[in-house]
């Protein structure tokens with residue numbers, strides 16, 4: 001199984017107050033939620049496409065290890081969540097389904113029944129959408145529905161044709177070009193995906209979603225240091241143009257890339273530098289908590305998670321999802337780590 005980049009879409013307009021951590025911190029403005037929240041709708045769609053047999057309600061919580069070169073098994077499934085969760089506050093505009101509720105403990109029989117019901121429902125949804133689309137092939141909303149259903153069912157190859165139609169109908173919408181690249185990545189055509197991400201970056205060199213997608217494709221393609229060279233070029237461009245937010249986001253992406261590659265100590269150092277510069281940005285604390293969990297340093301992990309939770313407003317749109325990630329790190333990381341090391 002290989003990693004896939006998760007594309008983040010249209011900027012959210014929500015703004016939230018900064019919360020003060022439990023320990024005294026300098027009064028430095030935290031990035032707004034506009035640059036922090038990942039679309040859980042699109043995230044769950046992508047995970048469902050990667051793992052179509054999972055019931056919809058468990059799609060987010062039940063993600064297995066995505067970054068799977070043998071020497072990186074230690075990284076576990078949480079790395080995939082973190083590597084995308086913290087890249088931007090972005091919501092897939094016009095997506096037709098709301099984020100599924102996070103899974104609650106259920107009996108095995110209930111899970112099996114939900115799987116059967118989910119497959120039946122998806123069959124009906126796909127058939128209905130395709131019938132309606134035949135009546136009006138240029139219906140953008142119906143095209144989006146068809147893409148949504150097909151990707152949730154792991155039918156990326158079939159979804160490509162519909163995504164290309166969306167690009168034809170709405171050529172100025174960058175979301176469809178990002179989704180186009182994602183489809184090819186999920187199909188395993190890394191060269192095509194890489195080319196599409198690079199084409200996007202030719203138009204918008206500092207678009208974080210495309211930088212992230214390209215970095216993940218290059219990582220899967222085992223391109224080693226070339227990933228960091230690409231990101232460092234983008235970082236220098238952001239500095240030259242005095243794009244402060246973009247610079248910080250790219251630095252977070254660089255640190256997360258070290259995490260994905262298994263260089264945990266370097267990831268810790270880079271996240272700490274980000275914390276030192278802006279103690280009110282909760283993203284590095286969450287990432288450090290994950291790293292310390294991977295290192296089996298429970299005390300340090302708990303400290304970072306507590307600071308993270310003190311900084312995130314209760315009304316933050318993705319608070320529940322991120323709290324779920326923290327809970328998974330605290331309760332499941334050790335078991336997952338031991339399982340990975342035994343393989």
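Placement of Cβ uses the backbone N, Cα and C atoms for every residue, glycine included.
Record features, source TrEMBL:
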type     : residues : note
REGION   : 12-32    : region 'Disordered'
REGION   : 106-129  : region 'Disordered'
COMPBIAS : 112-129  : compositional bias 'Basic and acidic residues'
COILED   : 221-248  : coiled coil
REPEAT   : 248-281  : repeat 'TPR'
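Residues 31, 35, 69, 190, 194, 201, 205-206, 208, 211, 214-215, 254, 257, 274, 277-278, 281 of the same chain lie 6 or more positions beyond the ends of the coiled coil (221-248) yet place their CB under 8 Å from a CB of it.
The average pLDDT for the repeat 'TPR' (248-281) in the predicted structure is 94.
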